[in-house]
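Engineer: Please find one structure pasted underneath; my questions will follow.
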Amino acid sequence: MIRRIEQNLAEITGFIILASVFYLVVVNERWTVKTIVLPESLLAFNTIFLSILIEAVPFVLIGVFIAGLIQVFVTEEHIKKLIPKNRIMAVGMSCMLGALFPACECGIVPIVRKLVYKGVPIFAGVGFLLTGPLINPIVIASTYMAFGQDIRIALLRMGLGLLIAIVIAAIISLLFKGNQLKKSASLLELDQSTYRFPLLLRIRAMFIHSVDEFFDVAKYLIIGAMLAAFVQTYVSTNTLIGMGEGIIYSTAIMMGLAYLLSLCSEADAFIGASFRHVFPETSLLGFLIYGPMLDLKNTIMMLAVFKLRFVVFLMIIITLSVFGVLMFVHPWI
Amino acid sequence: MYFHTQEAIKAIILLLFSGFIFMLHHTGEIIKFINPQYTAFSQIASVIFLFLFFIQVPRIFISKEQAEDHDYCTILGCNHEVGSARKVPLKSVLIYSIVLFPLVTGFLLPYKDLGAAEAVKRGICYTPNEQHLHHSEELVTSNKVFHEMMESPVLILNNLNFSVYVNNILTYPEFFDGKPLVLEGFILVGDDHPFLARFLVTHCVADAHVTGLLLSSDDNNLRNANDWVKVYGLVDTIENNGQVLPIIQVKEWKQIDQPKIPYVYP
């Protein structure tokens, strides 16, 4: 029996696809669970959870494709040639490169993982990880729109964000050696150069790596989205806001909110702007800069890639740097 | 020929993701999750999933020769666990059930549109995003939508102009004093006045937040939270803590069903 199934698998899978498409086109209505009455809030949770996933998935797919591309086509020699020997130069370059590279915070994790694996120093990887989602044309445009066509906040967000990212990458370069990656079996096998294989096989290998990468990332993305949706459904922002006053409190609250809500950096400016009447600009900048660098969703994803100790230190460093720099520049804002 | 259960599970998951996103687009339910402007992204994602499925299918089977030849290991990854090919370790079962979770809830559970309960959780903002203390004519003339609004005899708010119009009314309330307008939304009960609200969705409903205008009416029936209403009224202003806020003097209103697209877009 199993043998027969194996022989006709192509036909069987083809049939499954046809049947499912046919079902969707003809039935055109979902069969939903109606017998069990679920609480409204749980359904709202599910809707928000799915919407975070649907929003993130296209960008994650781009991320895993680029990761696959790096895996198969970029060698360690390329990286060695490209990254400057000088540490300060390397930090600056990685942050600038991240600024030019349009990515979102969930799509960039697999890319950074592959880059670090291929020999990019960890501090340069972190610089890229921080500026990639924070500084790019889409984010500038949406921030500009959200704050009533006021370029000031958008510029402050980019400028301070870049400064803070450089500070963090510099601190990392002093504190951490080695690549800080988790040991992963699938990566260790692939040390050798892939250049001796024909191009077609390498392209196929790239897609296969993308599939594996997707499954690696997807589980963490899903857990992260679940936590973020949970916070959004069950935690009221009003109680968070009511917790205290003063610049230190309000900045800390906005940063905490940015962390918990885990919004995509392209959309968070609109949420940030809605707090404009409650908090000073410094606190809003805390929300706008901290969110893309670190949030619940991407913490889970980073835990999948880097060692626990490194992730914890990175979180502390990011939090202190963002907070410290903002408090320092507050009198001038 | 060996059969790889894990690779088969992966293939099915990829196909289900593709089918799930395809189904949302096909039934039009995608607008319950994301801003219609961005649907192209998820359509592309659906196609990519299907493509990855076809990439994945051949990996379900490995021939005897491939299983014995380690030459391709370096590039395609090792697939030689033929002895255990049919078994799926517990850790993998856990991983696949996590990945399957959104598919199960997505296919089986009904979707819910955000309403008054979520609005209260997310906080309501009656004040404009930008504070122009001096409404200079210059600033106003540079605003195209503002002109369009001033020229039209009645402001009719729909999904696409709602947030821009409301924002302009909030920013320059005195310019619109006495202007008639028609708008739809759901009711939120505030301290003194009911609030006519809509959820503004920038990207996806996770970033939705409330926007809308205060209503002034003697009719107590207009105070049932979560009711969808269509309101015809005039723009008026009130003072609140030294701030001028616009408020709609309701002339006529009627209860309506929730519109097909409950959200508004920037």
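Glycine is treated like the rest: Cβ placed from N, Cα and C.
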Engineer: According to TrEMBL, which stretch among A:197-216, A:277-296 corresponds to the feature transmembrane segment?
Structural biologist: A:277-296
Engineer: Under a Cβ pair cut-off of under 8 Å, which of the recorded stretches A:48-74, A:95-116, A:154-176, A:277-296, A:308-329 contacts the transmembrane segment (A:217-235) most often?
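Structural biologist: Counting Cβ pairs under 8 Å, the winner is A:48-74.
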Engineer: Who are the chain neighbours of the transmembrane segment (A:247-271) in space, where the CB to CB distance is under 8 Å and they lie at least 6 residues beyond its ends?
Structural biologist: 52, 55-56, 59, 104-105, 133-134, 138-139, 142-143, 145-147, 224-225, 227-228, 231-232, 235, 237, 240-241, 278-280, 282-284, 286-288, 290-292, 294-298, 319, 322-323, 326-327, 330
Engineer: What same-chain residues lie close to the transmembrane segment (A:122-147): Cβ under 8 Å, and 6 or more beyond its ends?
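Structural biologist: Cβ under 8 Å, 6 or more out: 83, 87, 90-91, 93-105, 108-109, 111-112, 115-116, 153-154, 157-158, 161-162, 164-166, 168-170, 172-173, 176-180, 265-267, 269-270, 272-273, 276, 288-289, 292-293, 310, 314, 318.
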